[in-house]
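Quick look at what TrEMBL annotates:
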type	residues	note
DOMAIN	6-208	domain 'Phosphoribosyltransferase'
BINDING	ARG79, ARG104, ASP131, PRO132, MET133, LEU134, ALA135, THR136, GLY137, GLY138, SER139, ASP200	5-phospho-alpha-D-ribose 1-diphosphate binding site
BINDING	ILE194, GLY199, ASP200, ALA201	uracil binding site
Amino acid sequence: MGKVVVIDHPLIQHKLTYIRDENTGSKEFRELVEEVSMLMAYEVTRDFPLQETEINTPVGPAKTKVIAGRKVGLVPILRAGLGMVNGMLKLIPAAKVGHVGLYRDPETLKPVEYYCKLPTDLPERDLIVIDPMLATGGSAVAAIGFLKERGAKSIKLVCLIAAPEGISAVQSAHPDVDIFAGAVDSHLNDHGYIVPGLGDAGDRLFGTK
Ligand SMILES: O=P(O)(O)OC[C@H]1O[C@H](OP(=O)(O)OP(=O)(O)O)[C@H](O)[C@@H]1O
Ligand SMILES: O=c1cc[nH]c(=O)[nH]1
Ligand SMILES: [Mg+2]
């Protein structure tokens, strides 16, 4: 079973408060999502292996370490996942970015696919699927399924806020996938929104309704 890591760093918890606040407008919301995503990238990459290297500092030779040739792919689930891309790229600038377009049908709550463009060397990459919200889990389960159909072998899922229902859905469909979240909230309401959550992440990022 994949692990669930709640990243409870004070900076993330502090910023999540303002992300959740209904009085936070789109500009500040976008900035905060980017900042939290950057902080989450730090934790998500914690298991990247290092290799020794030798360089010269101005004082003399030094045996030191670099990340061992990892190829990373970020895969935002459109639209809301786009809000997390730049923050993650700040810490993992060489990552390639694939896009999976999904929206959740408001009646059935099932994900509907409308776009998919992924790096061709998917099987060689450590993939990080990003989406601020893990609600029923339908979108994440489908996006991870697309990646696996195309040969992906190493996948992590990163979200700002997860519901217990979404975590269970991902764990049962994709037990090899670790989930990183800033918070795990109480439950879903009758419309499939996370309670207390933050509302509709895509609408808040892009100022739509
Ligand atoms: O876990 P689920 O129940 O599938 O819900 C989560 C999905 O819902 C939201 O996207 P939405 O459908 O609102 O599309 P958007 O990003 O274009 O707003 C969110 O960004 C996730 O992708
Ligand atoms: O709470 C939720 C659930 C799904 N999608 C969102 O943007 N927010
Ligand atoms: Mg939305």
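Here, residue 1 is simply the first one shown, and the rest follow in order.
A Cβ is built for glycine as well, from the same backbone N, Cα and C atoms used for every other residue.
Those TrEMBL annotations? Automatic predictions, nothing curated.
Counting only the Cα atoms, the space from ASP200 (uracil binding site) to ALA135 (5-phospho-alpha-D-ribose 1-diphosphate binding site) is about 11 angstrom. Cα spacing between ALA135 (5-phospho-alpha-D-ribose 1-diphosphate binding site) and ILE194 (uracil binding site): 6 Å, rounded to the nearest whole number. Across the structure, ALA201 (uracil binding site) and MET133 (5-phospho-alpha-D-ribose 1-diphosphate binding site) place their CA atoms 7 angstrom apart.
ARG79 (5-phospho-alpha-D-ribose 1-diphosphate binding site) sits 17 Å from ILE194 (uracil binding site), taking the CA atoms of both as reference points. Separating the Cα atoms of MET133 (5-phospho-alpha-D-ribose 1-diphosphate binding site) and GLY199 (uracil binding site) is a whole-number distance of 9 Å. Taking every protein chain shown into account, ASP131, ASP200 are the binding-site residues, and of these the Cβ with the most other Cβ atoms within 10 Å belongs to ASP131. Between the CA atoms of GLY199 (uracil binding site) and ASP131 (5-phospho-alpha-D-ribose 1-diphosphate binding site) there is a gap of 14 Å, rounded to the nearest whole number.
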